[in-house]
Amino acid sequence: MQRSWSSKVIMALRPTSAFLSLFRSTCRPSRSSISAQKRCYAASSSRQLDPDTPSQVENDETRPLKTTKTTKTTKTNRIKATVGRPSHSAIFSPEYAENLPPLGEWRKYFPSSTATQQRVSVRKPETADQIANAFVPEGSKNKVIIECFPGPGQLTRSLLRLPKERIKRLIVMEDDTNYLKYLKPLEALDPRIKVLPINGSHWSSYRMLDELSLLEDVDKQVWDAGVHHQLQFISHIPTTVSGEQLVSQLFRNIPEKQWLFQYGRVPMNFILSTYLWERITASPDSKMRCKLGVIAQTVAECKEDLPYEVTQPFATHFHPAVTFQIADRMKRVGHPFQTVTAIPLEKQLIKEGSLDAWDFCVRRLFVQKATPLGKVLPTLAPGAQTLLKAITDINRPVNERLDVKKKKPNNMSSNDWSILVNAFIDWPFAPEDLSIDTMFLSNDR
């Protein structure tokens, strides 16, 4: 049977085996090209690219992500995924440790993974320098700093570039193997830094500091001696539930003088999401008012370090840069981050040994946070309606009693909560078991 004209066209356009062989040999990267790529990176690593310059407006960090269908991961797919990823063993040597990969290539060098996809870290060197100067300003002397969740270490490098008299020792906690490759070489460049492959949200990590005698020369100050002059804590906060829990537990350790607060009023510096910051600082009667904010404002003075505008937009200053829209947009990576400081208050309304009572009352009453105290207080515990008389007694000074018709859990000040919790502590029929599920920091597994 004679072939149709369309069949003849298809046969004519079909590539020959010789052509396919030539095509494959041309597209396959050669060893020499990979070596050239290494040399190219080694030459460029001595300088940092500025993402604000016109030549870099469209790069891997700022280009919108494409939506693709989820495919089954196979060995072949994994091999294909690694093609084009830079080989960078050279930068692990001390001579290259001072600089990180060009900003436009961070997505290649620091690909997202399950462990790091919600780990935000500052990426722009100039921004990191501003943050370092804000956290450790001029006049600081012989600081011993613990830095957690540093990522590849842009802020770490900025801290080391500060005048040497400001920082005596920098203890870095990072357990991600890829990030560690960019942190460990710094030890060969500067004797002040110690990089530990541990997680900053585990109790055991801080026990290790004692075992290694890294804090043995840190003074233990009495609480009313002012802000600790030497010890300081700095951390990027992950945009996860565990990140918020970490911050909550750090605040909860202040009144009990546990963790680093055994040394005194140690300042904490956070790089965190604006969403979390608003929860911490929400005023009474604000929609953002929550249990975290109640405790935080009761135990510490919280303030911004750099103006909000300095760290905006997110994609310019932080990694990973995410440009797609998500439903819960304010809580996730890709949305506003800022720098803040929390300093423990000298006068603590939460007395030592009373934290469980505070946790119990705040947690229980916030279940009905918009309900007047006169109605919600009886739900605190069996017989708790008797507490109404104690907190409304007209024989008490005005500043020591509450208007249970106007006061609600979400509009109570720290002093209001103190009146209520102290009455609960004095109540002879208060429940004996006040425990809640504690997570400080996360359980070691």
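The backbone N, Cα and C atoms fix where each Cβ goes, glycine too.
Per TrEMBL, the feature S-adenosyl-L-methionine binding site maps to V122, E174. The DSSP secondary structure for E174 (S-adenosyl-L-methionine binding site) is coil.
According to TrEMBL, the feature compositional bias 'Polar residues' maps to 43-57.
Here TrEMBL flags 34-75 as region 'Disordered'.
Residues or ranges marked as signal peptide in TrEMBL: 1-18.
Taken residue by residue with DSSP, V122 (S-adenosyl-L-methionine binding site) is part of a strand. Residue density at E174 (S-adenosyl-L-methionine binding site): 27 other Cβ atoms are found within 10 A of its Cβ, drawing on all protein chains shown.
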